Amino acid sequence: MNSITDVGGIRVGHYQRLDPDASLGAGWACGVTVVLPPPGTVGAVDCRGGAPGTRETDLLDPANSVRFVDALLLAGGSAYGLAAADGVMRWLEEHRRGVAMDSGVVPIVPGAVIFDLPVGGWNCRPTADFGYSACAAAGVDVAVGTVGVGVGARAGALKGGVGTASATLQSGVTVGVLAVVNAAGNVVDPATGLPWMADLVGEFALRAPPAEQIAALAQLSSPLGAFNTPFNTTIGVIACDAALSPAACRRIAIAAHDGLARTIRPAHTPLDGDTVFALATGAVAVPPEAGVPAALSPETQLVTAVGAAAADCLARAVLAGVLNAQPVAGIPTYRDMFPGAFGS
């Protein structure tokens, strides 16, 4: 499927409101995406952007007490969008997911947001009902492009969106990634008109677009003003089925950021809140390789392999999110600007 849900037990749900006539400053154009892992999934996070909007990320520090993650929320609406986590918690409580207490459960729902408030009406932003509805819609089929948290996303001057990708390692471990691309930087090489690292997404059969289409990109500025919007953010979720510690997940999240640097230029700017979560379901136990020095963690070799695959998959997911995007509020898509890049 080439999806994050290729990792057994992972489910993804979207919910959005999108008015057909949404514009910059009016109408609904926002949404949320929820990743539901199986019980017992451990997690970690690494934030490299200068303007993050997050929830419960301190809890994911490997030094802290709670190990398991019940859901991850990716939301539009900037900090207001964090309200959608209340709906995720309500859904999880109804399904008895969370840290067991004497009188009930406390769901663990870390999350991160993108800044998309100028796309659509400023007051049209996710509520708790968005989070609840995304959980209720979760399944193994993952829609991409202009959906969920990606509805109001943009990538430089172009429309951004949600993408996903996966890979299977020789060890049998499956790595899957979900990304929402809402970057301040550009995803297209202005010299060629092709996305950076376009060779990673052979399924699109991209070819060099004609010179006039490349020239048109140079004349295009973001409808919101290039680098004049307050904040942006690309969020990634890495999932794998390996049995790993929270500290190992943190190292994988760190490595996965390379996927953003390969496909977004610049990435990790003061205008972005670039954040990557990493989840490990624990379904596949991989014995440590022989010969690992006793001074090193027995997870070292596996973490290296999973981290490398995570970076590759995150790069592919970024490209998939942009290439599958549909126009919203007059923000052009890659397909709008470069029809000549696609085979007939």
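FYI, residue positions are counted from 1 along the chain as it appears here.
Here the Cβ of each residue, glycine as well, is placed from N, Cα and C on the backbone.
Features reported for this protein in Swiss-Prot:
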TRANSMEM  25-45  transmembrane segment
TRANSMEM  68-88  transmembrane segment
TRANSMEM  104-124  transmembrane segment
TRANSMEM  133-153  transmembrane segment
TRANSMEM  161-181  transmembrane segment
TRANSMEM  224-244  transmembrane segment
TRANSMEM  276-296  transmembrane segment
TRANSMEM  302-322  transmembrane segment
Query: Do at least three CB pairs under 8 A connect the transmembrane segment (276-296) and the transmembrane segment (133-153), leaving out pairs fewer than 6 apart in sequence?
result: no
- line: If you count CB pairs under 8 A between the transmembrane segment (302-322) and each of 104-124, 161-181, 276-296, the winner is 161-181
